[in-house]
């Protein structure tokens, strides 16, 4: 599995590295450009998420129809063009246009769908954890390199580096990433429509989870540096910016360590729903500490709790969507999920900025705590995807016609054919029947 996933993780890691590397210095750079204002600098930073949200679904749907690799290539080329526009920008509006173009190449859902194609469902959470770890590593490296390159050679060089990394990811795509298997799906139902991805209650629960997860993330990253660096007289702790690593380092370590157990218990032991509920509990406690703490220690404990809760979601989010979605809807469903995530990033920033400007961090914490209660109750009603399992049947041993007839059984949720590997995949409800009973229907 690692051999299949590592090239894709490398591509997504290079992509996120290119985005992360400009974040520590982008606002300063934007204000130095002709026409730059704080408001426009904010749009430069957040505009990427807005166009990502708009184009996640089109790219996901396109990948279902025209293939993952072709769609990934198109999205990466667009991202490279956007990076070059940013690099040559001499005014704020050109930089803004470049950031919007970067976001237009929305391939996150395509990569997730490709992983779903290449990896068996039972191994998917592990694969997603590898991808999540790659993203986390790219973030850590970017935070170190950004000030060095940007400070010594100019911020525009960071965008050129981003473009070069985009070209490198294309090379990895065609030299290292295996071709996804050809999947033939056959259903007795009428031809599915895009709106069908909203007809599944479990998928809708995941969309809400993506929205809350990303919006609360933005709120956290808004208040953490603000509270730590604002002077004590104004409700902060008066730390210098150079000391913030003392907050983020332990939080990142604990957050990364939490991902492994979450993936194991969520996938191997079928406790994914319970992991989600525990994660929400950590986020609840985190904002309780961050919103009402009067000492740096309590606030930092809150930050650590947030990173743990946030990262426990990471290896399971994409995997759950791909499990709930039918095989021919994975790209579209993952596209919708990622769209909700990027909308959440955009809305989280707006809400956090408004609340902190007009009220205080305690008010923001109360809002997040209320969201967590609603979120917890929403997840409580969600089905656990681990209640379903797959049977892999060789077409050499079983007749295709008999296998396809299984989809009429009430305990069978999906049947499709993997032509490349000459396999039939039957998804069934574990509480209603066993693997042996599925095979028994074919005797």
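Note: Cβ is positioned from N, Cα and C throughout, glycine not excepted.
If you check TrEMBL, you get these features:
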- 1-387: domain 'Major facilitator superfamily (MFS) profile' (DOMAIN)
- 12-31: transmembrane segment (TRANSMEM)
- 37-59: transmembrane segment (TRANSMEM)
- 71-94: transmembrane segment (TRANSMEM)
- 100-119: transmembrane segment (TRANSMEM)
- 126-146: transmembrane segment (TRANSMEM)
- 158-174: transmembrane segment (TRANSMEM)
- 207-227: transmembrane segment (TRANSMEM)
- 247-266: transmembrane segment (TRANSMEM)
- 275-292: transmembrane segment (TRANSMEM)
- 298-321: transmembrane segment (TRANSMEM)
- 333-356: transmembrane segment (TRANSMEM)
- 362-380: transmembrane segment (TRANSMEM)
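Of the two recorded stretches, the transmembrane segment (298-321) lies close to the transmembrane segment (247-266), with three or more CB pairs under 8 Å once pairs fewer than 6 apart in sequence are set aside. Away from its own ends, the transmembrane segment (100-119) comes close to residues 1, 4-5, 8, 11-12, 15, 19, 47-52, 54-60, 63-64, 68-69, 71-72, 74-79, 81-83, 85-86, 127-128, 131, 177-178, 180-181, 183, 318, 321-322, 330-331, 334-335, 337-338 of its chain (Cβ-Cβ under 8 Å, at least six residues beyond either end). Among 37-59, 71-94, 158-174, 275-292, 333-356, 275-292 has the largest number of CB pairs under 8 A with the transmembrane segment (362-380). When Cβ-Cβ distances under 8 Å to the transmembrane segment (37-59) are tallied for each of 71-94, 158-174, 207-227, 275-292, 333-356, the top count falls to 333-356. Remote same-chain residues near the transmembrane segment (333-356) are listed as 42, 46, 49-50, 52-54, 56-61, 106, 108-109, 112-113, 116, 197-198, 203, 206-208, 210-219, 222-223, 226, 317-318, 321-322, 324-325, 363-364, 367 (criterion: CB distance under 8 Å, separation of at least six residues from the stretch ends).
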